[in-house]
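Asks: Got a structure here, written out as structure tokens. Questions coming.
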Amino acid sequence: MVSKQTVFAVPDGQDTASRTSATRYTELRDSISDLNSVLVSDTEPDIHDRSRRGSVMTAIHPEEVDPAETKPPEASASVLGSFFNMTNAIVGAGMIGLPFAFSEAGFFTGILLLLSLGYITDWTLRLLAYSTKLSGRNTYQELVCFCFGRLGFHLISFSQFVFAFGGMCAFNVIIGDTIPHVLRAIFPTIYNSPVLLFLTSRQVLITLITLCISYPLSLYRDMGKLAKTSALALVAMVIIVTAVIVEAPKAPPEARGSQEGKWSFIRPDVFQAIAVMGFAFVCHHNSFMIYSSLRTPTLNRYARVIHLSAIISVSVCVIMASVGYLNFTDKTKSNILNNFSDTNVFINVARFCFGFNMITTYPMEAFVAREVIEGYVSYFRSTPASAFKRPNPQQYARLADGVELDSDPVELHSSETLAASNSSREGADMPSFQFMHDEIDLAPAPFSRVRHVAVTTAMMLASLLISLLTCDLGIVIEITGGISATALAFILPSACYLRLASGSKWTLAKLPLWALLVFGLVVLLLSPAMAVYRLIHSDNSERHTC
């Protein structure tokens with residue numbers, strides 16, 4: 001059993017100040033050797049194993065630690081199960097708006113953006129996994145906190161919660177906009193019964209589905225438990241794509257848009273299109289839980305999950321967006337299914353599948369939002385003066401990983417690179433390591449079933465209330481997605497890695513990281529501003545009605 005305690009906390013009963021430099025050097029060298037053996041192993045559990053970090057919590061609140069309560073959920077997902085979860089996280093609600101994104105960006109620019117964002121998603125997901133290995137952290141919050149201190153912790157928490165909670169609200173709205181129409185199309189006699197008509201109303205159905213299905217699924221602690229529902233959700237998305245491909249060419253002429261400018265290369269609203277596509281592709285906020293749910297969470301296994309999910313997701317999205325846009329052009333709506341008649345049987349099946357997909361995706365966003373709140377519980381439990389006493393991440397990276405990070409950042413998941421670089425650095429001079437003992441890890445608080453249920457219930461009720469009060473969260477998703485999605489997918493992954501990387505920050509190998517960082521900042525500034533401008537000056541009242 002590999003222990004990582006020495007790296008993160010002072011062993012019990014020892015006075016750090018009384019240690020000699022030689023003793024501290026020997027202990028740290030052994031700890032780093034153990035850590036490196038985990039990094040290159042394809043069979044040992046990695047440092048995301050929370051059960052091996054109890055000493056940190058003991059150092060903070062020893063009297064409150066109950067081993068039975070702090071035991072984390074057992075990782076239960078295979079590579080295939082994690083693939084289902086990851087693909088379901090990517091191909092979610094955002095996919096239905098991709099034809100509209102093509103109408104904003106232009107056909108050829110839309111295809112280029114989709115392919116580019118798919119590649120960037122694959123790259124940054126692996127970049128985040130590698131960064132957690134370097135820092136020894138197991139959540140997005142802890143990683144950004146380690147790199148940027150207290151400010152970083154609040155920024156990542158805000159971005160994650162806004163994106164996840166906004167998704168929960170949007171999914172409820174989508175359920176209310178799809179399922180009632182399907183039920184009334186299947187059972188037209190509902191209109192003859194006031195009771196049945198009431199039970200199939202938008203507000204009642206949202207409430208019943210949330211309380212009876214989404215809420216119980218959200219109470220799970222292990223995302224691996226959702227692998228089966230994610231597999232069903234992927235089947236549902238295949239049906240949706242098939243329905244659009246089959247029925248779009250059959251649309252009546254009056255439903256089709258103008259053929260003029262159909263093949264335009266680029267259009268003025270390209271930045272809003274990037275925000276919509278970013279909302280569709282961002283899964284970075286729950287990728288950490290998908291990673292930890294793997295039975296053997298190694299970088300190589302996780303990379304296989306990411307590659308397969310990205311390839312499938314991009315392929316499906318390109319087909320969906322192209323077929324939808326080319327048939328409806330400038331009349332393409334933000335929900336492509338709304339371009340079809342309410343009496344279209346195949347489309348109604350697709351609407352039902354879309355609603356089902358939102359029901360199964362809702363718990364995944366609830367997992368993330370709850371994780372953010374749990375992070376704040378740990379934040380307030382930690383000693384205020386030292387909880388965010390941040391060591392120099394560059395120094396820590398040189399000590400803990402032993403990897404020259406000037407290599408191709410796309411290939412950073414290679415465990416062979418880690419092993420080879422490690423052997424070349426043995427015997428290197430070591431500076432003082434007192435900062436490692438001063439730092440207190442932001443370890444997870446002991447599990448409390450009462451807190452778990454209370455937090456989940458509060459989030460569920462809040463998202464339910466918002467979805468009942470409004471029937472269009474489109475502009476909210478554009479704004480919050482433009483802010484939080486760009487931060488989660490573009491800005492923070494590159495910024496964290498640049499912070500952890502050894503050597504000069506201005507080498508040619510790090511140029512892609514800087515380019516991604518600048519790109520994310522530009523989209524973050526322009527996309528929400530242009531969305532608000534369009535909202536203020538738009539005379540289209542359709543987007544504000546149910």
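One-based numbering along the chain as shown.
Glycine too: its Cβ is placed from the backbone N, Cα and C atoms.
Please treat TrEMBL annotations as automatic predictions, because they have not gone through curation.
The shown structure was predicted, so the numbers you read here are calculated from the model rather than taken from an experiment.
Per TrEMBL, the feature region 'Disordered' maps to 1-21. Under the heading domain 'Amino acid transporter transmembrane', TrEMBL lists 77-532. Among the features that TrEMBL reports, transmembrane segment is placed at 79-101, 107-130, 151-175, 195-217, 229-246, 270-293, 305-325, 345-364, 453-477, 513-536.
Give me the structural setting of these features: burial, nearby parts and distances.
Replies: Counting same-chain residues at least six beyond the ends of the transmembrane segment (79-101), those with a Cβ under 8 angstroms from any Cβ of the stretch are 110, 113-114, 121, 167, 170-171, 174, 223-224, 226-227, 230-231, 233-234, 237, 240, 272-273, 276-277, 279-281, 283, 286-287, 290-291, 293-294, 301-302, 304-306, 308-310, 312-313, 316-317, 320-321, 323-325, 328, 332-337, 354, 357-358, 360-361, 364.
Residues of the same chain lying 6 or more positions beyond the ends of the transmembrane segment (151-175) and with a Cβ under 8 Å from any Cβ of it are 92-93, 140-141, 143-145, 205-206, 209-210, 214, 282, 285-286, 335, 354-355, 358-359, 361-362, 365-366, 368-369, 371-373, 375-376, 379, 388, 442, 459-460, 462-464, 466-467, 470-473, 476-477, 480-481, 483-485, 487-488, 492.
The list of residues near the transmembrane segment (229-246) in space but at least 6 beyond its ends in sequence, with Cβ under 8 angstroms from a Cβ of it, reads 81, 84-85, 87-88, 91, 95-96, 217, 316, 319-320, 323-324, 336-337, 346-347, 349-350, 353-354, 356-357, 360-361, 363-364.
Within the same chain, residues 48, 75-77, 81-82, 85-86, 89-95, 97-98, 100-102, 104-106, 109-110, 113-114, 117-118, 121, 124-125, 128-129, 132, 138-140, 159-160, 163-164, 222-224, 302, 305, 313, 317, 364-365, 367-368, 371, 477-478, 481-482, 485-486, 488-490, 493, 523, 526-528, 530-531, 534 sit at least 6 positions outside the transmembrane segment (270-293) and bring their C-beta atoms closer than 8 Å to a C-beta of that stretch.
Below 8 angstroms of C-beta separation, residues 165-166, 168-170, 172-173, 176-177, 202-203, 206-207, 210-211, 214-215, 218-219, 279, 334, 366, 369-370, 373-374, 531, 535, 543-546 of the same chain, each at least six residues beyond the ends of the transmembrane segment (453-477), sit close to that stretch.
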